[in-house]
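Enquirer: So TrEMBL lists the following for this protein:
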ACT_SITE  185  active site, proton acceptor
BINDING   83-87, 93-95, 165-168, 257-258, 281-283  NAD(+) binding site
BINDING   193, 196, 217, 220  Zn(2+) binding site
DOMAIN    55-317  domain 'Deacetylase sirtuin-type'
Ligand code: CNA
């Protein structure tokens, strides 16, 4: 865990709230970077970027963002996503009124919503979390248009990294390689004994979870907990990649998240102020609401419609159709 040592904490404090444990937060630089040759852009793109003497366009639109991507003026796109990208796949988010899990917790028999992701409660009664885990069993759900849009961005060589809070594995299932992903809140790929800390592959506990049994450690008999990050727990080491990714990015996309969980939410402020940020969500959220920047673009409404609109502006509609067609036959669920 050397990566979590003091230098890393200091780096995080530059942008984040300090602690790099998960907590509920209720309460156009371009050109010659990394030895790449400068790229000649059209007058339109130069205007958006402020290159070539033209003045930088202050207020950007969705069309401008599409133009930056399409013209490959943005080649190091970082994406932050949350539960809202998976609701069209049939997985409820937390906070949507009515349909979100926080509005439908009677079935879990828990004293308050956050208890389902608290270690102390899990040790007292693991069943509510395990029944939630059962609903996320790999193969029960399929990636949707948003996941495939991000896959296409990767296929085009423009995705620097995808930071996800989701634990449903649909980013991997869409074909985005693990090297491009930071699963900030963990995954079901492995489980760890809450007593002796022995780890085991995820497959070992699914039989128990699907059979409504609590998985126990074969060595010491402690409860096995899938490696999902609970409130108060450290995030996976890969999360520290943000220290290099965010200062390097030339476009930030924020999709389907309430930006309420720290330290993830604060990453939205870790990009340079000249970098455009595009939020696509049902509602206005987080720092984009209370500390907006001049190059923010906000597309509110249903995410599927917003993504389809962006894909159309990019001229990628046919490629998207082909990709979805090719992948739909192939996807058998998350391979974590
Ligand atoms: P959240 O707090 O529930 O917020 C989701 C956001 O997405 C809200 O702002 C919604 O308005 C928005 N949204 C939902 N559906 C749509 C849609 N169709 N179109 C546009 N906007 C939409 O979820 P966050 O991810 O922000 O919170 C972080 C938690 C939720 C993480 O710890 C996750 O592990 C956890 N979570 C994950 C999943 C999953 O893996 N699919 C499901 C539920 C919760």
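The backbone N, Cα and C atoms fix where each Cβ goes, and this holds for glycine too.
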Enquirer: Which recorded positions out of 94, 185, 220 lie by ligand 1, going by a Cβ under 6 Å?
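Expert: Checking each Cβ against ligand 1, the ones under 6 Å are 94, 185.
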Enquirer: Rounded to an integer, what is the Cα-Cα distance in Å between residue 166 (NAD(+) binding site) and residue 185 (active site, proton acceptor)?
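Expert: That comes out at 7 Å between the alpha carbons.
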Enquirer: Distance check, please: Cα of the residue listed as 'active site, proton acceptor' against Cα of residue 86 (NAD(+) binding site), rounded to an integer number of angstrom.
Expert: 15
Enquirer: Near residue 257 (NAD(+) binding site), which residues of its own chain have a C-beta under 8 A away, given they sit six or more steps off in sequence?
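Expert: The answer is 80, 81, 82, 83, 84, 165, 264, 265, 281, 285, 286.
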Enquirer: For Zn(2+), what surrounds 193, 196, 217, 220 with a Cβ no more than 8 Å from their Cβ centroid?
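Expert: Neighbours found: 194, 195, 197, 198, 219, 221, 222, 224.
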Enquirer: Other Cβ atoms within 10 Å is the metric here; tell me which of the binding-site residues 193, 196 scores highest.
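Expert: It comes out as 193.
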Enquirer: When DSSP states are folded down to helix, strand and coil, where does residue 220 (Zn(2+) binding site) land?
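Expert: Once the DSSP labels are grouped into three classes, residue 220 (Zn(2+) binding site) ends up as coil.
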